[in-house]
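Everything on this sheet refers to the single structure shown next.
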């Protein structure tokens, strides 16, 4: 499958690049960012996949998170795909920010008119890794995944639905229980139809209740002053309770201002929050991705 390089920038002795390709799964052109560490010039490297949140493209993470220095130090290739198909000319796909364009929710849609193009789950699970492994110096046996918000949801479900595929998983402010929140109900209902039993296959809290695969050590960071946490969109407590019941290790860190008497607010849902703790997540994955 042909790749077209869109941009290339030297960064911490490696390269931050963006490529475009024709996706067979999504039936449209897609872009992804890829950071190639210095080590990639002389040998194969493990790959860490980042899944972004609602409204994002491949650009948000590569320009705002500040992960490249840590990725260079640990010798990790980091891939950041787009969050949905683009330009499919589906009626209604651009009407709202939390459904359609920029909001693929990492599911394989089964409902018209979405089912032809909106297959982000299969794109991330199968097509994109095959493309990356065929064109870059990767070690296909060493792969991990993380993400933010809708992308945190995506990372968790991909790890839970595919035991052993990913060496590790982590998330920033993930949507943990989408069948119980408004974002999830809108997306899952639209893409999968009204039968809520079908939604459970894409809900991390439901999936972890029956998980019996290889051991997972999950890291989650959540900002205490995240407006979407207080609005009931993320529901991490439900996921933690399910993990505890199943004895699945999860490190959940509720990040807040260092001084409780500070008049300023604490960590929110933004990339400022992500940038504050991204190095911890890179180190978490590097631990499991060592040869």
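Including glycine, each Cβ sits where the backbone N, Cα and C put it.
As the structure is a computational prediction, the values presented were derived from the model and not from experiment.
Listed in TrEMBL:
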type     : residues : note
ACT_SITE : 149      : active site, charge relay system
ACT_SITE : 226      : active site, charge relay system
ACT_SITE : 269      : active site, charge relay system
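Distance between Cα atoms for residue 226 (active site, charge relay system) and residue 149 (active site, charge relay system): 11 Å, as a whole number.
For residue 269 (active site, charge relay system), the count of additional Cβ atoms within 10 Å of its Cβ stands at 21 [all protein chains shown]. Taking only the Cα positions, the spacing between residue 149 (active site, charge relay system) and residue 269 (active site, charge relay system) is 8 angstrom. Residue density at residue 226 (active site, charge relay system): 23 other Cβ atoms are found within 10 A of its Cβ, drawing on all protein chains shown.
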